[in-house]
Amino acid sequence: MSNAFPGSITYQLIVREIESRYRGSVLGVLWSFLTPLFMLAIFTFVFAVVFRARWGGSTETSLTEYALILFAGLTAFSLFSEVFGRAPMLVTSQPNLVKKVVFPLHVLAVVALGSALFQAGISFAVLIAFQVTIGSGFHWPTLLVPFLIVPLCLFTLGVAWFLSSLGVYVRDVGQIIPPVVTALMFLSPIFYPVTALPEWIRPVASYSPIAYSVETVRDAMIFGRLPEVVSYLVALAGGLAVAGLGFAFFQKTRKGFADVL
């Protein structure tokens, strides 16, 4: 496993990617804090102020609580969407690594995930700070968040491996991603609880790695609720299955990368 996923190379590439993201900007790494806050302000204004939406239709949800609920869901979803949006270009943007260097190309997806985890970690830290200062306080199930996002990370890796390989052969894939991300964002329980969905689709949403992580992260951080063990194991199994299939597809198709690029 260490040969398949060389730790030193992966770590160095993650650090380099994070540094390159903010290199040359005036505010630098501060954008990691400001970007999620801007998004939070926009969505809170649109849904809570303009549409006067309240969580689950409850009239008791304050604007502050609604904002924190949205922030938790958006942070978990952004972990997936950032990697998903970049996936089709992960290999095509690195032709030199494909043609001239003996390089474990599958690590590129891991690097993208590592960079997204860095951003998510900062966003979670900001959320905890707001939760402690203006929210309902720190809930100890928050400590489980690193475990709750494991199914999502595995699922994201599998999808990234599949799309990064497919993007080499079908360049149109990259054009489809933005509307798909938007659709997934509104179909995921970010702006509403799973209980707001029709009963026939709730089981599907509950065991989807994306919806599961969004729901359980929010429950843990905002409401202090513990996840069900069975649901976690099902989501974890789903994430492992997608990761395994995505990795197998990538390894099977990577032989033709050099001929196409």
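For all residues, glycine too, the Cβ spot is worked out from N, Cα and C.
Keep in mind that TrEMBL annotations are predicted by a computer and have not been checked by a curator.
Quick look at what TrEMBL annotates:
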- 27-253: domain 'ABC transmembrane type-2' (DOMAIN)
- 26-51: transmembrane segment (TRANSMEM)
- 63-84: transmembrane segment (TRANSMEM)
- 105-131: transmembrane segment (TRANSMEM)
- 143-164: transmembrane segment (TRANSMEM)
- 176-194: transmembrane segment (TRANSMEM)
- 229-250: transmembrane segment (TRANSMEM)
Distant-in-sequence neighbours of the transmembrane segment (63-84), which means Cβ under 8 A and at least six residues beyond its ends: 36, 39-40, 43-44, 47-49, 53-55, 109, 112-113, 115-117, 119-120, 123-124, 126-127, 130-131, 134-136, 149, 152-153, 155-157, 159-160, 163, 177, 180-181, 184-185, 188-191, 210, 213-214, 217-218, 221-222
Maximum Cβ pairs under 8 Å to the transmembrane segment (143-164) - stretch from the list 26-51, 105-131, 176-194, 229-250: 229-250
Result, the transmembrane segment (176-194) in contact with the transmembrane segment (105-131) (3+ CB pairs under 8 Å): no
